[in-house]
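The annotation region 'Disordered' is assigned in Swiss-Prot to 41-66, 428-447, 452-483. Residues or ranges marked as compositional bias 'Low complexity' by Swiss-Prot: 52-63. According to Swiss-Prot, the feature compositional bias 'Gly residues' maps to 429-439. Residues or ranges marked as ATP binding site in Swiss-Prot (evidence: sequence analysis): 691, 692, 693, 694, 695, 696, 697, 698.
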């Protein structure tokens, strides 16, 4: 019997099913925006009740970044929420445009409204972030702008008040149009030269050949968010999908199947060019010699050389393509769009008796007036992005390989033809030699075969057919004529070797350039698909701010709430605890552990590698946090040594005044405020460490507000400890007692404070009855 499926799994499956349905609805909206408005008007519009229910569903998704009642967000819930709001908003706009078209009847006006041609670019969103160090203004224009802002907010979360969550609402508004429009990323939103956090994490685990992360980061191209996909079109799509189209009669369907691209083979495909016969007389002569030979005859080296050269010429696909064939192939590719349009019109006439006025047809004159680059980016109905990329690369190669040197290297059959001609000439000159014996030019035949097999010609000019010099044969004394002949041969050989090396280097440079440009073309032309990186990043940061508000709301309903912020007599407790702790210093053996605690508290909610199944230390998560925002090296060094620099000795670590812990009055600027927050957090860590050491009450846990995750019942458990809220109004919350299940309820005891030492004294008062010695004396 199979194990029962858990409730979270069932809920996730239902959300995925709903997400698929909403994605389909959004896709239909995008199609109707581009289709003939008569088609949209042909269907009955939704009733007012249906439209009201859609508005209610969208309104329920507008509870803000934290969701309804601060619900815990997931990438799936964020994506579904964005899709619902986009579907409702664009659906209402489309219905309004269809109603306007029913009155005016202007197709151009309909497409201008639905496609937003008269509206400004919707992908510009101003964002304002209020921090304790000042106000930051930014503009979101691209997807990487959203991710960068979320990572920066994650880094600055400890100096951002709870109202900083309002900035996430502006981010969400941008994501509704950018991510909620479906799986396909609008081309104007994606910039592959800005990698995401996942790309950086992958970069950190790959070999870098000694390069710094900053240097390697500049060469990374984004492949995860968004990711690029191959897509194509086949002329058999109509034949495959038309039989399943609803609302059509069998006669109309059969008539449509007899026309269009489904009526025959792909006429837009490339036609293989027939092999081109060159040097027919040489090949015929060689074939005649080979046909006259049989196994009962002795094989001469020259005949064997001819056979070997014919083998090299016959092996492989070396069929050339004439200029006219290439021109005809290009014309066929250019005509593919026209053929597709003609076939589509034929199918429409067969099915509906009229030619539909879609967006690309209504604005055909505008599309035809675009320049080559814009037309390349827009693409076509019958040409996939990969077809465009291959055509551009093929045209580039065809242009550059017209150079004789490159053509000779990439067309080795020319070398084989020349070698075959030389062998035949030598055999004709030595025809009077003894049959079956080795003629005087056997070495020359062997050299010719080797040159032909290697594709090595003599591009330097004439002289290739000359016999080896007497010095090369090692016969006879040298004469001035022999020396001149040898010098000329050496010049030709050096020229050949230089040309060969130059050709190979040029071809390698061309290949390297084409590979780089191919990558750029893939970035520009291939279809990009949204991943889960952006919704996951938004959910993590939003959950961090929602956790602050949730902790404040839950602790306010505890059974016992002690507010030291306005209680009398707290100053004496502050003086007593401060004086008792400053007399001690932290054990050096504890510095590594409290350093990791410091890294855990200053890190944001986005990078939580320390909570994974295969947990990593907190310094790893903080490393990803600071590297993704481009923190300068000197600040990273300062942050790494922040705890070690204090060491818990002396009074330098106690930086806050009474009831002014986490107070940033008089400090301006992000970096100075961030440094002040680090000092406050260091003070809290050292004070709690000394408190546990001096009073021997066990380790006092320091926790973040987002340390708790909802259970399957939606409840949050907060273990006892001191919670740093990052809110200057109430930065410290101590839960000294809670219910047995860990939830905050009537039995819980909570302490609010703005002072480290007074809240520690309150904790000591609560723990004193449990201590073996009853605790130390209180303040005088």
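Each position is counted from 1, following the chain as shown.
Just so you know, glycine gets a Cβ as well, placed from its N, Cα and C.
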* To test your reading of the ATP site: which residues beyond 691, 692, 693, 694, 695, 696, 697, 698, same chain only, put their Cβ within 8 Å of the Cβ centroid of those residues? -> 690, 700
* Among 691, 695, which are binding-site residues, the residue with the most C-beta atoms within 10 angstroms of its C-beta -> 691
* Does residue 698 (ATP binding site) have same-chain partners at least 6 apart in sequence with Cβ under 8 Å from its own Cβ, and which are they? -> 692
* Structure fact -> residue 696 (ATP binding site) falls, by three-state DSSP, under coil
* Spatial neighbours of residue 693 (ATP binding site) that are distant in sequence (at least 6 apart) but have CB under 8 A -> 584, 586, 587
